[in-house]
Amino acid sequence: YSFDDNVQSWVSFVHYKDSPNATVCSSLLNRINGQQFIKIGTYCAAKRLPAPLDLENTLLHEMGHAMGLLHEHQRPDRDCYVYIDPFLLNSKKKHYRRIPGKRFPSGFPYDVDSIMHYVPSNLRLFHYHADSIRKLGRVDATLSVLDIHKLNHLYCGRRSYCEEHNSCDGFYNFALQQPLCFHQGPTYSKRPEGPKPDFTEDVSLYEEM
């Protein structure tokens, strides 16, 4: 399941349209009317992806969107597992806000190793609660075990993780029951004052990065 740019059987990448200033790496979510295009802008690939395997990781990430996978860090219960600083929520809201459960496929535990999880550039602003210096996402151009399971579930009839482990009472119910899941900040001690976060907010999912 590692990235291999020599494989030609299933997916082909062709030079479609070039723009030296194109900054976007993105894909439509799910199949949208026939042929699906993944945008890998020249500037995005050459300038914004400087680390080893960044381009390969980005291609797999965008392919995941094309096949129906959403950002892991936008799960409705993500606050149970990761801290996202208000700066990121305000400045890049589209790519960090929670997606309501009605739009997010359930049946799988939170996957900090998913190819669909953003890799933080600053762990102070975006980190895992259980280990604030733990790496998030993928940096080796491979899919996680749960990424593969989700694709097999979507396309090959495999049962979801919770069905296979008889734990379908709900990973999302956990988010509704635990005070930690509602508290924004580095210290988790009690539910904050005020209304609970809205898990039913509608969002646009037509294009993902």
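Keep in mind that glycine also has a Cβ here, set from the backbone N, Cα and C atoms.
According to TrEMBL, the feature active site maps to E62. TrEMBL lists H61, H65, H71 with the feature Zn(2+) binding site. Taken from TrEMBL, the feature domain 'Peptidase M12A' applies to 1-157.
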Quick check on the binding-site residues H61, H65: which one has the highest count of other Cβ atoms within 10 Å of its Cβ?
H61
Which chain-mates of the residue listed as 'active site' that are at least 6 residues away have a CB under 8 A from its CB, listed by sequence?
C25, S26, S27, I38, K39, I40
Check H71 (Zn(2+) binding site) against DSSP and tell me helix, strand or coil, would you?
coil
